[in-house]
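> Handing you a structure now.
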Amino acid sequence: MLLLLTRIIVFYALFTSNIYWKTSGLACFQVEEVKFDSTIVENEYIVQYRHYYMPATRWKYLNAAFRRANVSQFHIVERKNFAGYYPSDFDLIQLECEDNTATHISQLELHPLIKRISPQRSVERILNYNHTRQYVGRHLLRALPGQITHMLQANILWGMGITGAGVKVAVFDTGLAKAHPHFRRVKERTNWTNEKSLDDGVSHGTFVAGVIASAKECLGLAPDVELHIYRVFTNSQVSYTSWFLDAFNYAIFKKIKVLNLSIGGPDFLDHPFVDKVLELSANKVIMISAIGNDGPLYGTLNNPGDQSDVIGVGGINFEQKVAKFSSRGMTTWELPWGYGRLKPDIVTFGSQVKGSNVHGGCRSLSGTSVASPVVAGAVALIASGALSKMNLLNPSSMKQILIEGAERLPDNNMFEQGHGKLDILKSMQLLLTYEPRITLSPEYLDATESYMWPYSSQPIFFGSMPIIVNVTILNGIAVTGEIKDAPKWHPYTDKHGDILNVAVSYSPSLWPWSGWMSVHIVVNEKGADFKGAAEGHISLEIDCLPEQSEGKVVSKINFPLKVVVIPKPPRNKRILWDQYHSLKYPPGYIPRDNLKIKSDPLDWRADHLHTNFRDLYTHLRNAGYYIDILRMPYTCFNASEYGTLLIVDTEEEFFDAEIKKIENDVYNEGLSIVVFADWYNTTVMKKIKFFDENTRQWWIPDTGGANIPALNELLQPYGIAFSDFIAEGFFTLGDHSMYIASGTTLAKIPRSAGDIVIGAELHDQGFEILENPNVADIKKVFIPILGLFQTQNELRKQYLAVNVQTPTSYEENNVEQPNIETEISAERNPIINKRILLGVSVIDKHSRRFNGNIINKLPEKKSKNIKEMLQTLSMPIPNTSGRIAVFSDSNCLDSIHLEKACFWLLDAILEYTMTSYKSELLQKLNRINEFYTNTEDTLPLRLYSSNLHLHSKVIDSNNKFHKRDTEMCENLSWLTPQSISSAEVKLSTTRLKQIDLNLLKASKDHKVAELINSHVEAKQNALPLNSEDDERTIKLSLIFIMLLTSIVLIFFIKCFRRKRGI
């Protein structure tokens, strides 16, 4: 009896709490780390045609085009693969002449049958499987599941006979071994690489295929799909754009329905690749792609998962939270002028998922390249359960079904989780009743929901910059559509909607299956003193022409919006963030800000407050500041609205009109400026260029970590300039530990009563890179890194008259002349990815070791004039001009590779620029007298070989020594309000509804619907457990165990006493 009661207790405890005790020990994890790099292949070009042609016809057209362009030294690169039996819309050519290549290409593009000519790109994906042994203390954990197929309830569909049969799924990866024991239906294996093998030498392709369709051991979600294996990566994990193009064309010819692509990278300007993905979508191929493993940073979405027509997938762990590695939104294509789109689309399990190993058996991996095939398998499984609806399935309709059935996670925002966690049963239910329609992503805006970050993080007010919502239009009706008339704005009269002005821009056509709508929202004068929520909705009509319809289908959709409005905050609480002057990769080689991080050479996260500076944004909001983002030149904002202009890590040049405007704003409008710079040194820039043996291509930076020559032009009216010295090292400011990763120093400073300049002992990182000395032998030097300056109108004209070293115009004399020695001194890189070479030393006059005397080195005559003027400023002079604060490095604000955050320092700086208050610590550290000298020095010049002009908004693309005319300011056209009462509006939701069985036509679907309904109802009736529910359940379980134990003990004692006759 006692044994029976003990068993009941143990069973109940395990069943109720579903937990186990994990004692102290070591846990072993295997995490997939993916690095993706894309480089241009020298002298190889992809010629895209406007139509598909057989090889002989393409040769005839191409030969005629070359003759017309007077090009004889070329040949077509032969592509030996299955696509050769079909027509193609491109050729890969190799030009043997390097002179006038750009001219020849432009002449070829004039041919009426040629759509575009683009460089051939080499792609490398590096998979590092890190076996990490992690110490784990004693704590309560949920029991880990055996199979994700059961967690996603795929087994319920299997029990109904739904197993993926009838759906063609393509896996673009590293191949699959012949007769692998886990797979039932491998229809075809094709090789698109230059290796003569169909097998998987990496194990990644096998794993991905197993998650989708394994029928043994580690089960896939759809074991009966028709698998098509496309080997597009070599065993060295190298691929080329042309390989993908051929394989994509073949997939179209084979009528593939679902295509999984567990790769990605930041290069969304690989036009042939992007265009071909669009064409796949137009042909109703549903592409599922990993969103990237660059989390938890924001703005790290990978292509093609970030495209509107692709289902981008993020990863979650078994605790139902977005995994740390999963890339976050927003998309960065639209910056700096607009705002990014909502991505990922959906998330699912991607942490410690089991899949097939290369020769049999199972392994566990983590990454979004794992989550992607989970969704691909789910899509195939869902589609096979409603084959009668197959003609309605396209990239947008399937995305609608997935996101409308998704379960929103409580602890993650929209740019982390997209629309939520994959729910197979709900999506299956939605497909069974699906009717073609048009929906929006996101489907609404509600700034009162934390899910809607960043819109929920800061209220708007009269005078603030517009907030922008980039809405994706999903067209499940037809591959093309057209917005019929301009959208209409309907403010709700009873919800204060009349205080809002709304402007909308949109894609004139929707293709393929999608479009976009950009919504700009501001508060008008009516809301100047309002505090509360304001609501309304935007309506638009879209014309579509479905495939099997004789006439147009007109759809009307609404976008509800709700924003939080407050009265205008004081000027000393308002910051303007400069986004306009930030550049990123692509299109140019914008190098990393931290020179020590050699594995991450490109600056591609957009430098936006809502991407890699998100932590800074959160800190500033918590400190009570309101931050507007400037997406236009400085000529487009009213300085009287803002206390401080925050300039961080800028790579772009400045228009001359901007420099003059800011000068007026500082001296006459009281605007203050804070600059966080980064390293710049032309010799180091030449050294970190690299030569790729595979692509035969040199990569040269277009600027440094920041564009110091441009910043010096901006700061010249205030007597401030940065040097080309590269500083690095740990140091302390008071009780604060600090680290400068790769910073600059102050080369010129003004001086008036009360100014502050602070220094630190740091390493000469430029010297380390160029000379590569023994680190132990490197001595630190004391250099100026921080300056706080009060501008003085009285000194302004006199100072500018004598301080004439910095050219005020962007001419050739402000650009470093080419040096043949340094142009060829970089070593060659034997690896294909963009790793940085720090080669042998070559030092020119613009790269010197710091000698302790680089500040304000003016000729003797000019220095006497300066001293005379300084004598007149021995006493503070009251003025209304602004203040300038400069710091040498932005890495301490940037979440990328953050070593030591310096948010506290920015707080102190902002307190000074906003209110003129100088903290006691900064005054105590002031060493301005030590940094003011009179010897001569030259400021950094621009790199002659830079290609910044090719993608700059400021420099003329045809003349790198000439600036364009100042860009016009954005002129928004506000929609005419058509006011209504909210009571008159019934806005429908696209979330899951109960199935109406009468809508089902096929008897099989009818039966499936009834079965699924019962499972979904059971799931909905079961209360989901959150963290509080978990804790409550555990406590109740322990209490119950203690009570049962007490009863057993009492029973045992009574039995014992009876037996003894007590």
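Glycine too: its Cβ is placed from the backbone N, Cα and C atoms.
TrEMBL feature annotations, pasted as is:
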SIGNAL    1-25  signal peptide
DOMAIN    40-121  domain 'Membrane-bound transcription factor site-1 protease-like N-terminal'
DOMAIN    164-420  domain 'Peptidase S8/S53'
ACT_SITE  Asp173  active site, charge relay system
ACT_SITE  His204  active site, charge relay system
ACT_SITE  Ser369  active site, charge relay system
DOMAIN    441-568  domain 'MBTPS1 third'
DOMAIN    569-772  domain 'MBTPS1 fourth'
DOMAIN    859-922  domain 'MBTPS1 fourth'
TRANSMEM  1036-1056  transmembrane segment
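So where do these features actually land, and what's packed around them?
Its Cβ taken as reference, Asp173 (active site, charge relay system) is surrounded by 26 other Cβ atoms within 10 Å in the chains shown.
Its own atom aside, the Cβ of His204 (active site, charge relay system) has 27 Cβ atoms within 10 angstroms in the protein chains shown.
As a summary of secondary structure, the domain 'MBTPS1 third' (441-568) carries 12 helix, 67 strand, 49 coil according to DSSP.
Each residue in the domain 'MBTPS1 fourth' (569-772) has a pLDDT score, and their mean in this model is 89.
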> In whole Å, how far is His204 (active site, charge relay system) from Asp173 (active site, charge relay system) when you measure between their Cα atoms?
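Rounded to the nearest whole number, the Cα-Cα distance is 7 Å.
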> Cα of His204 (active site, charge relay system) to Cα of Ser369 (active site, charge relay system): how many Å, rounded?
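His204 (active site, charge relay system) to Ser369 (active site, charge relay system), Cα-Cα distance: 9 Å.
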> What is the total of other Cβ atoms whose distance to the Cβ of Ser369 (active site, charge relay system) is within 10 Å?
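Its Cβ shell of radius 10 Å holds 31 other Cβ atoms.
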